[in-house]
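Structure incoming, see below.
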């Protein structure tokens, strides 16, 4: 598909470095965890997981996202998608745990919206660097929310893993995780030790070139799974023994260790 | 089947640039039935490639301008080793350079990882100073091919660009320089523009067209090359089903490479191989070689 010329209809400043952009293009069929390729005209095209049917939540980290932060309501971007495999929504009687760190809360928030609408109770461990950067706390209000901050400015001082270490995970049917890869890997290690990693789903990030499953730039070792097409959401059992938590590849294909 | 110096498991080969970044991805395509595997094109130094968008699906096929991203030969030897250890499909190293010295440097640099064959990319349509920039000149193609043939002890194939007036003159240059086969075609130069913003869609502005739209172009090139050359011709361009592969073989292809079609089906190799077998059985042939170039006799 060609990029859909999409107008920015609203911008919410979530924190100094994170903004949510709303568009006049709605991806009604999108499953939480799926992504769109966002074309910032004249700069670059980057993958962004949808934080809603018509929104992306962006952290300013590079050329494309910096350019996005210069755009205002009425400006346009090109959107292609939705692409990839999203999260598996829970059944009505299942117990759900969300673990989100930083802007990793964005792909999980639409799942929390669904759970809230279906009346399912979800427990969330929501981490950020400081109180000003806590994302979507109101969207996760579908049950208990444990907040952690690196600097201790709100909630528990420390990381989501500190909270997870004291959380009994045996009762949960599904555990959804997104955040920086090192955080996700630490979570994976804890849950694997408890032998509940098969109940988990992780949303991964890799450098995407084509974004549609052809070029192989985002393939993960050792099975050659494509993050853009076979993911970005993977079950924990699919990540066992993989490069997850160890290294990724840059745009030239060179390995970069975490 | 032995084609141009290497023993193929079957006549369907993974084309360069598709799932070729890592050894694991290549091996996956081998497990999915590819008769041989071509790596992404590897050059002398690490290259990030063009900015995105670098590949977009259009109404008639795909347009791409990756810009030859690669970790360099020194960074890629390990991946070839992994691919070779995890699949028994022959491994063909696609290489590029700006001149014969660079091509030779890359080929020599990859030799320690023991590729079964080299495919010279003198046909990428959108990388300044590389690919088609050198592949449209028969003298340069001759010089580069001869230089690599001299430097390595495995077969050398040359992948040709269709963006020339006469592809057979380039094919002859490769053949006389010692190429074991020619591969036709690489993508057809093309462009797509977003009419709402006015921006060319690809980060590089223009690129190469692949997929169903280019198949007739590829069939004609293969047909012409089969007639003009003695070395085998490997057909590539827009093959998405068994019928496409058979058409290419009837035009003169000894084997086919499959690229964009992996988008819809990573099991495409198995599908096409089964279809070719069924066709051969239906029309009373025992092997692919029996029908290669058959259309030339139908005048």
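Including glycine, each Cβ sits where the backbone N, Cα and C put it.
The structure displayed is predicted, hence computed values, not measured ones.
Below are the features I grabbed from TrEMBL:
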ACT_SITE  B:124  active site, nucleophile
BINDING   B:16, B:40, B:41, B:121, B:159, B:185, B:211, B:237, B:238, B:259, B:260  FMN binding site
BINDING   B:40, B:64, B:65, B:66, B:67, B:68, B:121, B:186, B:187  substrate binding site
DOMAIN    B:2-279  domain 'Dihydroorotate dehydrogenase catalytic'
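Are these features on the surface or tucked inside, and what are their neighbours?
With a 10 A radius on its CB, residue B:124 (active site, nucleophile) counts 27 other CB atoms from all the protein chains. Residue B:124 (active site, nucleophile) falls outside any helix or strand according to DSSP and counts as coil.
Around the Cβ of residue B:187 (substrate binding site), the same chain contributes B:64, B:124, B:125, B:207, B:208, B:209, B:210, B:214, B:237, each under 8 angstroms and 6 or more positions distant in sequence. DSSP assigns residue B:187 (substrate binding site) to coil, not to a helix or a strand.
Per-residue pLDDT, averaged over the domain 'Dihydroorotate dehydrogenase catalytic' (B:2-279), rounds to 95.
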Which value in Å gives the longest Cα to Cα span across the FMN site residues B:16, B:40, B:41, B:121, B:159, B:185, B:211, B:237, B:238, B:259, B:260 as recorded?
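About 19 Å separates the two most distant Cα atoms.
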Of all the binding-site residues given, namely B:40, B:65, B:67, B:121, which is spatially nearest to residue B:211 (FMN binding site) at the Cα level?
B:65
Report, as a single number, how many Cβ atoms besides its own are within 10 Å of the Cβ of residue B:67 (substrate binding site).
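So the Cβ neighbour count for residue B:67 (substrate binding site) comes to 23.
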Please list, in sequence order, the residues in the chain of residue B:238 (FMN binding site) that are at least six apart in sequence and whose C-beta is under 8 Å away from its C-beta.
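The answer is B:61, B:210, B:211, B:212, B:213, B:214, B:215, B:216, B:218, B:244, B:260.
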May I ask you to pick out the recorded positions among B:16, B:65, B:121, B:124, B:211, B:260 with a CB closer than 8 angstroms to chain A's CB atoms, ordered by sequence, or 'none' if no residue qualifies?
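Only B:260 pass the 8 Å Cβ test.
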Measure the Cβ-based neighbour count of residue B:211 (FMN binding site), defined as the other Cβ atoms within 10 Å of its Cβ.
22
Going by C-alpha distance, which of the binding-site residues B:16, B:41, B:159 is nearest to residue B:67 (substrate binding site)?
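In terms of Cα distance, residue B:67 (substrate binding site) lies closest to B:41.
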Please report the number of other Cβ atoms within 10 Å of the Cβ of residue B:260 (FMN binding site).
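Its Cβ has 28 other Cβ atoms within 10 Å.
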